[in-house]
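Quick look at what TrEMBL annotates:
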type: COMPBIAS; residues: 1-12; note: compositional bias 'Acidic residues'
type: REGION; residues: 1-29; note: region 'Disordered'
type: TRANSMEM; residues: 66-87; note: transmembrane segment
type: TRANSMEM; residues: 333-355; note: transmembrane segment
type: TRANSMEM; residues: 412-432; note: transmembrane segment
type: TRANSMEM; residues: 444-469; note: transmembrane segment
type: TRANSMEM; residues: 518-540; note: transmembrane segment
Amino acid sequence: MMDVSPENDGDTGDNPIPTVPRLDTDPSPMRRINKIYVTTRRASGELHLQSVLQHMDRRLQVLPDLVMFSGTFGLMILSVCVLLVLLSQNMFERQVINLNAQLADTYHWAPYGQSCVLRADGFVPDSCDNRTAAVVPSHIFPIVGAVLGTQWLAELKTAGGALFVTTCVIGGTVDVGWTDLQFLAGYDSYPDCLPTAPQDVAGIAMLESTVRDGEGYYLITLFADLDKRMKQYVYANSDGTSQNLISKVRRIVIAGDGNVGMDAFGGTNNVITSKPLGERYLVTGFCVSVIQELSDAKDKLELTGWSQGKFSALPVVPAWSCGHVVSNASELVAFQAILSVLSLWFFAGDVYITIEGLRGLFTGKPILKYAVLSGLERRKLLLACIVANSMPGLLYMDVSRMYFHSVNGFKLYALSSIMVANFVAFGSLLALSVVDMLVSYVKTFSICVGYSAPVFIVMSIVWMAAAWCNDDNFLDAYNKFYTAPSVIGFWVHDAYYASGSYAPGGTLPIANYLTESILTAVGCSFGVSIAISSLHRWLLHKHWFVSTAWAQSNSLLQKLRLPSFITALPLDPFNAIKIGNTMYCKPSTLALMGYTTVERKKQEMHSVKENDGEEPPQKPHFVVSIYALVPALVLPVSQVRSIGAIMKNQFAHESRKLERKAYRYTRGGCVG
């Protein structure tokens, strides 16, 4: 109760207590009671406001750690999420239409010749320019003309016996690395390779090469304007999307000796193998030549010009239905599923501590906060699972680059790239921690180079993702896939380029082209993380390096393997608590070192006489691995091993299994 006597009246600071008259002289007792109520309520309100502000301040202080934990958890489950998305896109067995259009920038079309005249028996002699005739061997080019004359016979009759044929090339440059030859036939004029408005054609054909029974063949895929069987239909891609194609297109193969026949393999070519994860998980890519119907695609691609049949009115362009198959794919799925479960299991202890921290945050109890990324070097099993689970990203990225011109191609490539960046960043952290551990077996120094693991991980992942997840890099990776050694090359722009027939050796995995960007990202990110950590340490504490001398004399930390020469752990003396000459390790430091504490739920207490001055016995806090926290709590018959116990802020080392009791998590205390 508040004393309201006159002796307590007077100035008490900025908030003086108002003078209140005695009850026996106050003519209005109710007014006096109201004044007391108002004064008490005002003081209570101020205390409540101060408590609320302090509570909000505590919440704001832990907000960065919660954000960091959420980010860490997101990075760890990234591989799981990406795996689910990629599986939904049939990344182990997939086939979709690679779009094409008569555009120079996006699809690499370029004019090549505009002089060929076609009759029923082939090209009119000397009508084609020399460089067009030199694309394929001299004995093959007349056969190509004869095939076109035969297949466009109806169109030739309608045109009066002659068609005007324009030749175009796709690619045929150093940047693209592959090529093919396109024929556009006009009834009364030469069509344009790069039309800016719809143009009428009598037919369109694509000349490539392919492999049949180990031998190279020339492949012609052809559309004829007057063939009534060639109609538009909807093709269902394996990823759930669809494209319009032309049915009953003609595919003719020409052998090296000049023999001609209809293709029994349905236009399959561009069969290329890649080994991003070795021979067992061989990636086999392939394409099937098709004629795409552009009535829907021309709007999506915002085309202003295209080729269309004069009488059929079908807007058409040659294209491909491309896909791939991964050998032993079920093993990879099982491998990643197991690693995903293990990753979540090894991370469960940190998740549990964070949940307990959130409870404490909202109930006003002390909480344990720490940046999990800074302690990953002490969680090598978790780190190894994350790295191994991200490793198949090398295969996904290698596969996804084949789909540059497909609807969902960039999404797949971006997700795969982030997965590879995850693999590289966490793999670098694992390698660094293993090297430091191996050095510690030989020599442990009292000072270490410090670096910020969160800065290193986040910066390196963002750096690599930014370098890879763009159209230019995607296009370059796509073109490099098709620059594998070829069986038949086309002579275009004074050089031979692959044209659809590839040698069995396959193409180089995409990882071969990422080395420079990986070294740059990892090296610069690591340098920045060291600089930030060292500068922060110098500005606040005038030290450049992490001194671990105090930890080597701490009763608990000396029993753990301390870093030897480089670390992200906060083992500086200023992160400890000094009382007298003793340096105490905080519970958050213990958690970052990969350990935590549990205590028995029930313990027999010795009877103590009332007022005899004795303190009740303290419960021992058993130190267990962070991996063992959840098992220690959920298994009634515990098989969890403890490395010792903490009693009265001192650690007693004793490696043994916990007794068969029920345990609960405890935040623990400082250890000297």
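Residue numbering: from 1, along the chain as shown.
Including glycine, each Cβ sits where the backbone N, Cα and C put it.
Unlike curated records, TrEMBL annotations are generated automatically.
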**Study point:** Two-stretch contact, the transmembrane segment (412-432) and the transmembrane segment (333-355), at least three Cβ pairs under 8 Å
**Key:** no
Check your understanding: Cβ under 8 Å to the transmembrane segment (444-469), counting only same-chain residues 6 or more beyond its ends: which ones?
Key -> 68, 71, 75, 371, 373-374, 376-377, 413-414, 417-418, 420-422, 424-426, 428-429, 514, 517-518, 520-522, 524-526, 528-530, 532-534, 537, 545-549, 552, 562-568, 571-572
Exercise for review: Go through the chain and flag residues at least 6 beyond the ends of the transmembrane segment (333-355) whose CB is under 8 A from any CB in it; none is fine as an answer.
Suggested key: 66, 69, 73, 76-77, 79-80, 83, 87, 92, 368, 372, 379, 381-382, 385-386, 388-389, 392, 591, 596, 625-630, 633, 665
